[in-house]
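Quick notes on the structure that follows.
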There are 2 protein chains.
Amino acid sequence: MKSRRSYRAFFAGLAVLAGVAAPAFAEEPVQPIEPPKEINLAQAELGKKLYFDPRLSRSGFISCNSCHNLSMGGTDNLKTSIGHKWQRGPINAPTVLNSSLNVAQFWDGRAADLQEQAGGPIANPKEMGFSHTLAVDLLASIPGYVTEFRLVFGTGEIDIERVTHAIAEFEKTLVTPNAPFDRWLLGEADAISPQALEGYQLFKNSGCVACHYGPGLGGSSFQKMGLVAPYPTHNEAIGLAAVTGNEADRFKFKVPTLRNIELTYPYFHDGEAQTMTEAVDVMGRIQLGRTFSDAENASIVAFLRTLTGDQPRFELPQLPPSSDTTPPPIPFD
Amino acid sequence: MKSRRSYRAFFAGLAVLAGVAAPAFAEEPVQPIEPPKEINLAQAELGKKLYFDPRLSRSGFISCNSCHNLSMGGTDNLKTSIGHKWQRGPINAPTVLNSSLNVAQFWDGRAADLQEQAGGPIANPKEMGFSHTLAVDLLASIPGYVTEFRLVFGTGEIDIERVTHAIAEFEKTLVTPNAPFDRWLLGEADAISPQALEGYQLFKNSGCVACHYGPGLGGSSFQKMGLVAPYPTHNEAIGLAAVTGNEADRFKFKVPTLRNIELTYPYFHDGEAQTMTEAVDVMGRIQLGRTFSDAENASIVAFLRTLTGDQPRFELPQLPPSSDTTPPPIPFD
C-alpha cells in the first residue's frame, strides 16, 4: 500500500532521475490511472469466460458479471445485490473496475487480493450458492475448459486456485484510464470545465482528499463511516471490526474509489445514497462536519463526473458448452 | 413463410438465371444460413444496449440477455427460466439465435414477429415484471438514451414501439452462418465427417427433415409433440391451441430450430431432455415411431454438431447511466 506521500515522492523522484520537469500531477494527491501492465493475456481470456459463466453458481443463473456488470460500471446499480434464490445481499456490490488498485477487497477488507475475493461469492450461500468443489468438478466436465486450462496453465487439472487466479488476471485488465480528470492531470488544461476544477480545489481544501487520494481516489485505506457525526443506517455491517475483532474498527469501511462514480450509483456500503449530490452532502456532514452549499455541492459533483474513464472494451465471450456428463444446474430445489 | 419447395425452386431458378450449374444444395431440404442483410445499424446498436439493459425489468436485475444469453447459444441452458423474484418460468427459453428465420415467435407462435415478442417478457409479471409504460418512462429519464433515440429515430420521444423495434433490429443480426454443415452444403466436401454425413442421410431418410427443414432446420411450422406416441410431461403448456382455441392444435408447438443445438441444451418445450442423444431418441420414438440404434443415434448427433455456426461477435455494450430523476429499481418489495 502506497501512501499519498510515497506517490508524490515517487513521481518527483522519477522527474529528477529523468532530468526533466516534474509532471503536472507530481504535487497532486491524485494520480492518473495507468493502463494495465504485465497481463498474462491467455489467463485473462480464460478468466473473462469464467467471469461471465453462470455455471459457477448453483442455479446456473448468476455469474460474477451479474452483480459486477461490466455494461454498468462494474456494479449492479442496486442498493444491495440479488443472490441465489433472490436472497437480499447484505451490502452494496462494490465496482470491480480498478479494483486491482485497492489495498484489500470487500468493504471490510477481508480478502487480501482479487484472487482471494473471487472465491468468495462462488461459495457464499447467499450469493452464487455453490461450492469450490462443485464448481471445479463442473468445469472439469467441460472439454472446452479443460483444453483451455491446459493451454493456459500447462495442465488440464482444474482447481480453485487456477480458477480464481484466471478471474483475477481478467479483473486486473479492468482499469479505466483516460478520464477527463486524468487528461487534466497530464497537462491538458481544458480537459475539465472551470466548475469541475473549482470542485477539485474544494475537494482538496475541504478534506475529501484525506481519504479519496491516489490513482483510485479511494481504495487505499479504511475510514470510519460517521467520523464526526453518526451515520444512521439499518444495514448490519460493522466493517473492519468483523475482520480484526477490534472494537475500534467498528464501522470502519474501505474507502470506496471515486473512479467512474457517475456509473456506480447507488452509494455507500448500504447503497442508501441514490445520487452524487446526496452522497456529497452526507459525506460533508458526517465525515467533515461541513455543510456544502448547493453551488459547492454542484462543483464537487462536476469534478466527480470527470472521473469516468475509458470503460473496458472487449468482445462478449463465448462459453464452451457443457458435455453430457456436466451436472445440470439446480435453480429450483 | 417459405416452404421447402419454394426454397428449392428459388435456388434452382437463381441458377438458371445466372446460367450456371445449380448450387450443391439446390436439391437439399436444408439451406445455408445467409448473413444478415438490410440491417439498420444505428437501430441495431441501440437495440443491443436495450437487450443488455436490466433496467427494463422491475428489479433492475433481469435483461433480455439473462434468459437469451448470447454467451451461451442465446439461451439460459435451464429447463425453464428464472423470472422476477426467482419465479419458475412455464416453458424452456428458445434460443434468440436465428429467430428472425422463424415463422412466428414463442413456442406457441403467439407473437407474429421479433418486435411483438420483445414486448412480452418486459411486461410479464413472471419474467421481467415491469410494464411498457414504466419501461418507457424509465428510458426517457436517461439522457444517453434520449439522445440515441433522437439519432436513430429522428425523435427523442421514446415509446414501446421504437424500443421493441430497436431490439428486434438487433436480434435480426443474431444469425449464425458458416456452420460446418453450411460449408458442406456450399460444396466443401470435407467440412463434415463421414459419420456426420451418414447422420444427415438418416436425418433425411427417417423423416426428421419433414419438420426440421429450411435454413433454420425448424422454426417454419408447428407440429404436435407426441405425433405417434404420447409425450409424458408435467409441463402445462398446450401449445398452439392456447392461441387458436382449436382443440386440434393441442400440444402443437413451433418446431424448434436445430441450429446451434450443441449450445442450446436442455431440449424440448419442457427442457426435459438434457442431451442430444436423449432428444434424438425421444424424437424418434414419439414423432417417427422409430427406435434409433446407438450407432444411428450417434451419427445423427454427429450431424447435429455440424450445425454450430459462427456465434455473434460484438463488443459488450456500455449502457448510458441513470440520471437523478430515474426511478430506482425495485428488487425487493
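Cβ coordinates are placed from backbone N, Cα and C, and glycine is handled just like the others.
Annotated features in TrEMBL:
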type	residues	note
SIGNAL	B:1-26	signal peptide
DOMAIN	B:42-150	domain 'Cytochrome c'
BINDING	B:C64, B:C67, B:H68, B:H84	heme c 1 binding site
DOMAIN	B:194-308	domain 'Cytochrome c'
BINDING	B:C208, B:C211, B:H212, B:M283	heme c 2 binding site
REGION	B:312-333	region 'Disordered'
Around B:C64 (heme c 1 binding site), which residues of its chain at least 6 apart sit with Cβ under 8 Å of its Cβ? B:L50, B:Y51, B:F52, B:L56, B:V96, B:A118, B:P121, B:I167
I'm checking region-level scores; what's the whole-number mean pLDDT for the domain 'Cytochrome c' (B:42-150)? 97
Beyond the site residues B:C64, B:C67, B:H68, B:H84: chain residues whose C-beta lies within 8 Å of the centroid, for heme c 1: B:I62, B:S63, B:N65, B:S66, B:D76, B:S81, B:G83, B:A93, B:P121, B:E127, B:M128
In the region 'Disordered' (B:312-333), how many residues does DSSP call helix, how many strand, and how many coil? 0 helix, 1 strand, 21 coil
Radius 10 Å, atoms counted are CB only; among the binding-site residues B:C208, B:C211, which position scores highest? B:C208
What does DSSP call B:C211 (heme c 2 binding site) in the simple three-state scheme? coil
By the count of other Cβ atoms within 10 Å, pick out the sparsest of the binding-site residues B:H68, B:H84, B:H212. B:H84
Between the Cα atoms of B:H84 (heme c 1 binding site) and B:H212 (heme c 2 binding site), find the distance and write it as a whole number of Å. 33
Determine how many residues of the domain 'Cytochrome c' (B:42-150) DSSP places in helix, in strand and in coil. 50 helix, 6 strand, 53 coil
